[in-house]
Ligand SMILES: CC(=O)N[C@H]1[C@@H](OP(=O)(O)OP(=O)(O)OC[C@H]2O[C@@H](n3ccc(=O)[nH]c3=O)[C@H](O)[C@@H]2O)O[C@H](CO)[C@@H](O)[C@@H]1O[C@H](C)C(=O)N[C@@H](C)C(=O)N[C@H](CCC(=O)O)C(=O)O
Ligand SMILES: Nc1ncnc2c1ncn2[C@@H]1O[C@H](COP(=O)(O)OP(=O)(O)OP(=O)(O)O)[C@@H](O)[C@H]1O
Ligand SMILES: N[C@H](CCC[C@H](N)C(=O)O)C(=O)O
Ligand SMILES: [Mg+2]
């Protein structure tokens with residue numbers, strides 16, 4: 001591709017790629033110089049040019065010498081749009097999901113429902129890039145823009161026609177998922193998280209709202225989980241742009257959840273759509289998984305599938321990794337579940353999901369991440385104390401923080417918790433204490449494969465450890 005065709009000039013300079021890190025610039029690249037949370041990318045413009053950058057997307061006031069300055073007030077957005085022209089084509093149908101909890105689950109269930117309807121499908125999010133053939137981890141929920149667009153283009157080359165992706169608030173604030181056409185976008189819910197980065201709930205919500213006001217196509221659709229306090233705001237913002245809004249949930253109009261009955265390993269839902277009532281046998285437990293399943297169905301319907309077939313396919317989905325995953329039975333016979341709950345709302349949702357599945361006590365192993373929103377720690381403790389019977393307070397990715405100090409903060413909300421810093425020992429204690437009629441919930445790490453302590457990632461997998469201590 002020629003630079004001129006990208007930016008509407010007569011430049012014949014060949015473009016070989018895009019980079020946002022000057023260390024990844026090769027000859028012929030377009031460099032994006034962004035002001036970041038830790039450093040200012042504009043400080044690396046000269047080095048990027050020395051490495052071969054032929055154009056630099058940067059604010060008008062940035063100094064660019066020896067390369068074309070593509071000036072933009074919001075360089076991240078301009079860069080995304082240019083890079084998308086270079087990397088495309090993309091899968092013909094892409095949808096995005098945002099919300100505090102449920103993005104990964106909804107993205108993955110959307111992929112499964114499309115696949116069951118016969119479309120080669122993929123999802124991109126916390127679990128990495130998932131296709132019918134397998135999963136590849138990317139490290140972040142929303143990868144950087146270059147990785148995101150090249151992954152999407154790679155999927156298209158492999159024949160993927162439908163892709164769902166998770167739009168985290170960090171990703172939205174940093175324009176990490178822009179540029180490609182987005183046919184539909186979904187909102188799951190909003191509760192406290194990430195205030196270390198966004199500072200206020202309003203700024204956090206505003207970051208998420210941009211998915212609906214700017215990112216989704218002007219002729220696209222929006223799916224909202226109607227039973228959240230912020231859903232009306234999302235729907236109003238979407239309608240103000242003339243977008244089609246599908247609402248799902250007990251208060252939903254497109255898919256109205258009339259009833260939900262837990263069964264041994266799943267639940268039966270009564271769902272009303274266009275005047276008809278459907279019975280859906282969902283093989284996943286918990287109100288929160290029903291919510292994610294219905295939002296996923298909403299996205300699949302919004303992108304052209306029929307209602308009856310989509311709801312019928314919900315009976316055929318498989319569990320999402322690390323989300324209420326039933327991983328073992330203890331020697332006493334107590335089921336052990338691994339879940340990714342790492343906010344107070346998610347802990348409540350996971351406990352509520354398991355409560356109907358025990359006639360005995362609910363044991364919870366949990367902690368909170370270091371270098372992340374500190375204000376969520378006390379509420380996480382309080383909710384665990386309120387919703388579970390036996391609490392084992394342990395470490396969950398302390399990162400650069402003192403793990404004992406993190407636990408001390410959570411303990412303020414959960415004074416009755418047993419403090420066992422070593423995560424394996426905490427899981428072992430919970431499993432050993434559980435009686436046959438009890439349930440054990442190991443919360444916070446889900447699919448994760450490591451415990452991040454200081455700057456080291458020590459191998460750790462809740463699922464494997466649960467199986468080992470139960471054996
Ligand atoms: C706080 C945050 O989100 N940081 C992310 C962000 O950094 P940033 O734009 O602020 O970048 P910066 O480090 O200040 O650097 C500014 C610019 O200079 C460039 N640079 C920097 C150094 C250099 O030598 N040369 C150079 O060119 C950088 O590439 C960057 O473009 O952009 C980087 C590249 O895309 C990300 O790697 C980095 O994620 C860090 C590692 C991170 O931990 N992010 C977490 C908090 C995150 O994003 N999490 C959400 C999860 C949310 C959820 O699931 O709930 C996610 O989407 O994964
Ligand atoms: N719809 C929901 N309502 C409330 N809690 C939920 C919902 N969906 C998921 N959760 C809780 O949040 C946890 C994480 O779910 P999931 O990974 O799908 O969310 P996410 O939004 O992708 O999270 P992250 O921001 O960490 O990527 C689950 O394990 C569960 O405890
Ligand atoms: N995407 C989330 C993951 C948190 C998972 C938990 N295990 C932790 O490390 O806090 C975040 O970055 O906040
Ligand atoms: Mg996720």
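Every residue, even glycine, has its Cβ placed from backbone N, Cα and C.
All TrEMBL annotations are machine predictions without curation.
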Of 355, 361, 372, residue recorded by TrEMBL at the meso-2,6-diaminopimelate site of 396, 397, 398, 399, 444, 448:
372
Could you state the CA-to-CA distance between residue 398 (meso-2,6-diaminopimelate binding site) and residue 103 (ATP binding site) to the nearest Å?
24
Long-range environment of the motif 'Meso-diaminopimelate recognition motif' (396-399) - Cβ separation under 8 angstroms, sequence gap at least 6:
342, 366-372, 406, 423, 444-445, 448, 451-454
Spatial separation of residue 372 (meso-2,6-diaminopimelate binding site) from residue 100 (ATP binding site) - C-alpha basis, Å:
14
Across the domain 'Mur ligase central' (97-299), what does the pLDDT come to on average, as a whole number?
95
Residues flanking the ATP site, with Cβ no more than 8 Å from the Cβ centroid of 99, 100, 101, 102, 103, 104, 105 and excluding those residues themselves:
97, 106, 166, 188, 189, 292
